[in-house]
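K.L.:
Mind having a look at this structure? Questions to follow.
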Amino acid sequence: MDPSSTALPATLIEQAASRLGCSPADKKLAFHLDEEDKLKHLRECFHIPKVKDLPPTDLTLVNGEESCIYFVGNSLGLQPKKVKTYLDEELDKWARTGVHGHFNGQRPWALADECLVDLMAELVGAQRHEVAIMNGLTVNLHLLMLSFFKPTPRRYKILLEAKAFPSDHYAVESQLRFHGLDVEKSMLLIRPREGEETLRIEDILAVIEEEGDSIAVILFSGVQYYTGQLFDIPRITKAGQKKGCFVGFDLAHAVGNVELSLHDWGVDFACWCTYKYLNSGAGGLAAAYIHEKHSQIICFSELQLSKGINGFRLSNPPILLVCSLQAGLEVKKPFVKIITPPQIEERGFQLTLTVSLPIKSVFEELEKRGVAVSKSGFNFLFITF
Ligand SMILES: *Cc1c(COP(=O)(O)O)cnc(C)c1O
């Protein structure tokens, strides 16, 4: 199936079934679609739980040795196989070098979050200096609101979806109370029309048009956690800013799921967690974004803070969480690295490459194209001339 097609998935499935001459519910079609799936090699990058290790299943219906069908990546993404390697590297470094690990090695602990900023910025369509990796999602939401929500007697409302994620709803409520505002009057909740489940963009834009002058901050999710609806981020942003509001997004269910261009869309601020579609593990590090136009957002004259979002970073980065996040992000952005020294006098005719994808699929693709190379372990490829 062509994922870029605009036809409805059901139509595409019916078309594929009729090409195979079977029913859309036939197993044959499922196997065929798996075979055609351009992303199928990525399965190899993850540990998939076995049926027998999950809560009691009926073993007369399923084979316990088989992988389960994991449909909850939106709650907790699966574990990338590389996590253990990266954790071992840092545990080993700690054991061997103690405090010297702060500024040495591939991931100097004191700066470890910065090693991942490029990968993360690319995923959300932001500039490197607009993204920081830190804390948990709700902590970041509070930090951002402390700067962007500065209510005045005329502009004091926060607009959000009526069914926002509960912790987002509570965070907004606490921010309003923190400023001594009446929650009933200041929390503007937008609901779908009677009998409908999702919000219409024209209704969102109408509320912004009508109430915009009294709204300080618009906080929407990118993809709604409950209905799965993807909101029109650029249009909501533009409409809100035209009315003088700051517009921010919680991208917990959007990052790693849909394409984002936060910088080009001019989104003021955003935050997201990484343990859902980015597979960083329970309680993994979250991230936050502030558009570069707000680089002076926190400027205390007596403090020499970094500009923009980097000025919000607190505490040491937790290196063990950086390791698991790195493994997750690398699956999203495959890379090839030559580990043989580049200087001619420091090597012979061999180049050793490490690739972030399962070596088996890379090897097969090369062989198909008539390239003979040798491989080893999970991710090494040897090339000799
Ligand atoms: C998952 C999710 C959260 C969770 O936030 P934590 O701080 O990690 O507990 C918050 N908001 C949304 C929209 C989410 O989808």
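Using the three backbone atoms N, Cα and C, a Cβ is placed for every residue, glycine included.
Dumping what TrEMBL says about this protein:
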type: DOMAIN; residues: 80-294; note: domain 'Aminotransferase class V'
type: BINDING; residues: Leu137, Thr138, Phe165, Pro166, Ser167, Asp168, Ser221, Asp250, His253, Tyr275, Asn316; note: pyridoxal 5'-phosphate binding site
type: MOD_RES; residues: Lys276; note: N6-(pyridoxal phosphate)lysine
K.L.:
Would you give the longest CA-CA distance, in whole angstrom, between residues of Leu137, Thr138, Phe165, Pro166, Ser167, Asp168, Ser221, Asp250, His253, Tyr275, Asn316, the set recorded as binding pyridoxal 5'-phosphate?
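P.N.:
For the residues that bind pyridoxal 5'-phosphate, the greatest Cα distance is 29 Å.
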K.L.:
Just to confirm my parser: what is the rounded mean pLDDT across the domain 'Aminotransferase class V' (80-294)?
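P.N.:
Reported value for the domain 'Aminotransferase class V' (80-294) is a mean pLDDT of 97.
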K.L.:
Could you check which of these binding-site residues, Leu137, Phe165, Ser167, Ser221, His253, Asn316, sit within 10 Å of the residue listed as 'N6-(pyridoxal phosphate)lysine', going Cα to Cα?
P.N.:
His253
K.L.:
Can you check what DSSP calls Ser221 (pyridoxal 5'-phosphate binding site), collapsed to helix, strand or coil?
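P.N.:
SS state of Ser221 (pyridoxal 5'-phosphate binding site) = strand.
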K.L.:
Taking 10 A as the limit, how many CB atoms besides its own sit near the CB of Ser167 (pyridoxal 5'-phosphate binding site)?
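P.N.:
Ser167 (pyridoxal 5'-phosphate binding site) is surrounded by 14 other Cβ atoms within 10 Å.
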K.L.:
Please list residues from the chain of Asn316 (pyridoxal 5'-phosphate binding site) whose Cβ is under 8 angstroms from its Cβ, counting only those at least six apart in sequence.
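P.N.:
Within the chain, Asn316 (pyridoxal 5'-phosphate binding site) has Cβ neighbours under 8 Å at Trp109, Ala110.
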K.L.:
Please give me the CB contact count at 10 A for Phe165 (pyridoxal 5'-phosphate binding site), counting all chains in the structure.
P.N.:
20
K.L.:
Should Phe165 (pyridoxal 5'-phosphate binding site) be counted as helix, strand, or coil on the basis of DSSP?
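P.N.:
SS state of Phe165 (pyridoxal 5'-phosphate binding site) = coil.
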K.L.:
As a test of the contact definition, list every same-chain residue at least 6 positions from Ser221 (pyridoxal 5'-phosphate binding site) whose Cβ is closer than 8 Å to its Cβ.
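P.N.:
Spatial neighbours, sequence-distant, of Ser221 (pyridoxal 5'-phosphate binding site): Glu161, Ala164, Phe165, Asp168, Phe231, Phe249, Asp250, Leu251, Ala252, His253, Ala254.
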